[in-house]
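Each remark here refers to the structure printed beneath this line.
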Amino acid sequence: MNFFRKFTVIHVLIIPCCVVNYVTPEDNLDIPSIAKYFNTKGRYEEVNPHLLKDILAVNTSILQPPSAQCQPFHLTAIIRHGTRYPTSKNAKEMQHLYNMVLHNATGEESWLREIQSQWRMWYTEDMDGRLVQKGVEDHKHLAIRLSKLFPSLISEEKLRGGFIKFITSSKHRCVNSTLSFKAGLTELWAITDQDFDHAINDSVMRFFDHCTRYVQDVDNKTSALSEINKFRQGPEMRRVTEKMADRLGVQYSLITQDMADAAFDLCAYEFAIKAVNSPWCQLFDEEDAKVIEYASDLREYWKRGYGYDINSKSSCILFHDVFNRLNKAASENKSGQQVTEAVTVQVGHADTLLPLLTLLGFFKDNVSLNSSNYATQTQRSFRTSHMLPYAANLLLVLYDCGAGELRLQALLNEKPVTFPGLSDQQASMPRYEDVKDNYSELLQGCDFETECQLFKSPA
């Protein structure tokens, strides 16, 4: 099957549905008190709040190479798509909740009257997770910031010369995010006389669809998510739904866990897409939000993260794709050749990034997340609200520090992260050879075809 195709120009489709109140960072945003708990539906600005004052702000001091002699010569950027509309499933669940509130809620609060008399359900199933205007801006702004962080790599000369490559998932929100990233650069440099190709490669950017063992043993297996289901039926989540019922003035039996999720999603989408503090947000206090965040983290942990070995091993093909590219750039640099891919931009999904971050060992807690340890996991590292907002990005930057010494820096969401397992003083920018030694077992093995065969149950 051929998953690799080239495209030149695709028009961005933004579905008109209402007047979207897209607010610029200079405006005084009314931010919901629970915004920092929105998991994978959170804004990038909640992870980097300094961007609220200046969406193009960068801090080059975060790069901190061990000497001034260190110069970057290659950047691989693996980026999640920008802010999107709800999926068809999300929209259907939110419509169901809205109908219930319209016909059954009896509370007297002003925010509830606003929902019942003024707010209108404008999300439709045909939006199907498409990129919104805010998502376009997410990637345009990210492109400009990265060009400021790495001006010798992301430059007009490099772009025009074909040294910046673009790869994307086939999903419309990813293709349109890729187009938006490119537009950020072409508009920055006022390039109107040249188009820049991108390649669609689902085998690398949507590997999870093609790993048979993952699909059968985790993705399509209800029992694989038993910890999530137990937590959703447990006392913490039951208290959330009861409080929600009390606020709406309805019987407890009318509010299901799915309805609580739908209301939380409505609050998150209204804020991410329209930059408004929706009346739907009033259904939750901070403790409720923490519980719902944990439920979502449990799902990501067991479905894409450390819960099962195959979750991360399904990303072996992306892991090798990245390191093959780093090795090629290192070899070209060492031999004095021009590095043929100064920058590679790969646009995918939260489900692309999380298994790779897990395979690399980032954000691993000493104790697994499960249905019974919510109270002891308040300080957990595995928190998708911090890791995977819209436009989340993992940057891997190779530096030449002279005398044949190459170093590799990792940044997540434009902030340095330390490679797990490396304890030297330069762990945030270790020697490239030390990084390869650290991941030697994966580099020598981690074969996608072997890992994804149906020969064992998840463990």
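Glycine residues also receive a Cβ, built from the backbone N, Cα and C atoms like all the rest.
Any TrEMBL annotation is an automated prediction that lacks curation.
The disulfide partner of C70, as annotated in TrEMBL and taken from the candidates C401, C446, C452, is C401.
Between C267 and the candidates C281, C316, TrEMBL records the disulphide bond with C281. Once Cβ contacts within 10 Å are tallied over all protein chains shown, the disulfide-bonded residues C70, C267, C281, C401 are led by C267. Taking the C-alpha positions, the distance from C267 (disulfide bond) to C70 (disulfide bond) comes to 45 Å. The two recorded residues, C70 (disulfide bond) and C281 (disulfide bond), have Cα atoms 48 Å apart.
Taking CA atoms as the reference points, C281 (disulfide bond) and C401 (disulfide bond) are 50 Å apart.
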